[in-house]
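Visitor: Sharing the features that TrEMBL gives for it:
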type	residues	note
REGION	17-98	region 'Disordered'
COMPBIAS	21-44	compositional bias 'Acidic residues'
COMPBIAS	45-59	compositional bias 'Basic and acidic residues'
COMPBIAS	60-70	compositional bias 'Basic residues'
COMPBIAS	85-98	compositional bias 'Basic and acidic residues'
REGION	145-179	region 'Disordered'
COMPBIAS	160-170	compositional bias 'Basic and acidic residues'
Amino acid sequence: MKYKNLKEKYNAWNLQLFADEGGEDDADEDGGEDEPEEDEGEDPEEKRFSQKEVDETVKKRLARERRKWQREREKRTQNENSESADEKTQEAESKASKLEVKVACFEADVAKDSVDDVAALAHAYMEADDSLDLEDAIEKVVKKYPHFKKGGSSEESEDETRGKSWGERQRGKRTTVSGVEAAFLKKNPGLKI
């Protein structure tokens, strides 16, 4: 109850709780009113801006930031374009070098299915010996591995050997038929050996 009475007393007068309990007002001793602040007069140091001036300043600032943003965006796109152009250039150069190797292989009469193998071996020779150029390296590969050359293979083509059995591929074509085979073929005329 005591707390409630204190609360009503101080809240009614809007007094602070930590003020002195004397109850006397110190403001009476000064004998005057508080001096009013000079908000009404214009301060000569403080400049006032109209809405129009503020709008112009904001527009200038926005235009400056927009130009800055556009410059940065253009710079970024130029960097991306130059990087993609570098990548495209490297791709074109690698493609041109591969085609150059293939042309050199065909000029050296390398079989069509062996071009990649000859190119890989030629590059290995060129890395080992810096004095070799591409044509010399290809010639060296073909000399060492003659089966890469067109017609250089003594083996039969793949189409001819596809239907043959293992023994026929190793020995070549058989011309004679043994007696057992001849008797078997007489009894089974539809079979082909």
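The backbone N, Cα and C atoms fix where each Cβ goes, and this holds for glycine too.
Tell me about the surroundings of these features in the structure.
Guide: Taken through DSSP, the compositional bias 'Basic and acidic residues' (85-98) splits into 14 helix, 0 strand, 0 coil.
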Visitor: Helix, strand, coil residue numbers for the compositional bias 'Basic and acidic residues' (45-59) per DSSP?
Guide: 9 helix, 0 strand, 6 coil
